[in-house]
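First the structure, in the form of structure tokens, and then the observations on it.
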Ligand SMILES: [Zn+2]
Ligand SMILES: [Zn+2]
């Protein structure tokens with residue numbers, strides 16, 4: 001039995017052994033290429049420095065004017081906190097809540113935990129409630145949307161550029177810096193190292209064998225800390241290292257995903273038919289639907305922005321709904337495509353989903369910014385709430401789909417996966433690995 005740590009791939013369920021990794025190296029699943037473990041250079045110092053810088057950038061971006069807007073002799077400058085306040089005093093409490101979560105609550109929670117954990121570890125202490133914080137970090141990572149918001153800001157500006165002149169405040173640039181820092185932080189946090197320092201990994205069950213699926217050995221890999229656990233069917237099963245609830249397969253994954261998809265389709269109809277915003281000025285009042293907004297941009301000759309909005313608001317949600325429906329229907333049936341192809345489809349679906357929030361942010365920002373009384377006034381309409389709900393529900397649908405189901409049909413038809421490239425499978429029971437350097441060379445430089 002090898003003493004190398006074992007990992008269960010969260011996407012295809014294959015059990016593999018991870019060889020020792022040097023800085024900036026990562027180990028990928030030999031079957032589906034999902035990243036199993038990655039070593040970061042100076043993870044504590046780097047993450048701490050980035051997180052402190054990000055908090056400073058975020059506080060700066062909330063404290064000063066974000067955008068100034070002048071039309072017909074009236075000038076108006078708003079900060080991000082003003083934008084949220086304006087939305088919450090109007091009839092847009094839901095939009096205000098979404099904006100507040102995305103801009104402040106979740107990033108602050110995330111950064112606060114990164115700072116507390118890494119400071120404690122650098123001082124050779126165990127952070128209080130460290131395991132709970134590490135688990136929470138993992139769960140809220142998907143909901144960081146500062147980068148999507150920034151694109152939403154740029155699109156809103158293009159939309160009102162023909163009506164008014166725009167100026168960027170200090171906060172806007174601070175927010176751009178914050179977006180870059182957030183991207184770097186999510187790459188610099190070395191989860192595996194953090195778990196190892198907090199709670200050394202227990203030895204895997206003696207019967208765990210590499211090159212086979214976990215389900216076939218009654219094992220379950222922890223989705224949060226990576227530990228390989230024995231799985232007992234008769235009772236709820238929890239990770240023996242971090243306490244996370246374990247599932248061999250997410251329960252009723254296909255049914256839950258399908259239910260969420262059906263609701264999304266039903267909401268997509270009002271999202272497309274109902275107006276998303278009303279623009280009132282001295283001489284006219286126009287209401288815009290999602291498609292109407294795209295056509296208006298085309299009319300003004302803003303082709304790239306029209307393409308972005310069309311892609312984000314129409315193509316991506318529809319493609320995502322169709323892809324998830326197709327994946328759900330095909331689970332457990334003879335497959336026309338190889339699992340690798342379906343896996344790529346699933347990963348793309350999961351990755352692009354949040355970008356559909358662009359239009360929601362555009363309307364929220366315009367409704368907060370363009371408030372010049374009778375001169376010009378933008379208000380949000382019910383269509384945008386339906387649209388936001390579609391985006392969030394399809395994101396949850398993608399998360400509730402269990403990608404391991406894609407591989408199960410192939411596994412039942414006798415493993416398609418070829419483990420023949422092992423040097424000596426009888427002698428050393430470890431499947432092969434591709435060691436790949438972590439792509440972000442930038443992340444290395446930041447911590448120096
Ligand atoms: Zn895999
Ligand atoms: Zn765990």
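Just so you know, glycine gets a Cβ as well, placed from its N, Cα and C.
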Out of 5-25, 26-46, 47-67, which range is noted as transmembrane segment by TrEMBL?
47-67
Which is it, of 218-237, 238-257, 258-277, that TrEMBL names as transmembrane segment?
258-277
Would you kindly list the residues that approach the transmembrane segment (357-378) from elsewhere in its chain, counting only those six or more residues past its ends and only Cβ-Cβ distances under 8 Å?
67, 69, 71-72, 74, 76, 78, 82-84, 86-87, 90, 92, 95-96, 98-99, 145, 148-149, 151-153, 155-156, 159-160, 163-164, 276-282, 290, 293, 308-309, 312-313, 384, 387-388, 391
Under a Cβ pair cut-off of under 8 Å, which of the recorded stretches 97-123, 144-164, 384-401 contacts the transmembrane segment (305-329) most often?
384-401
Where, among 47-67, 97-123, 144-164, do we find the most CB pairs under 8 A to the transmembrane segment (170-189)?
47-67
Go through 97-123, 144-164, 258-277 and flag the stretch with the largest number of C-beta pairs under 8 Å relative to the transmembrane segment (384-401).
258-277
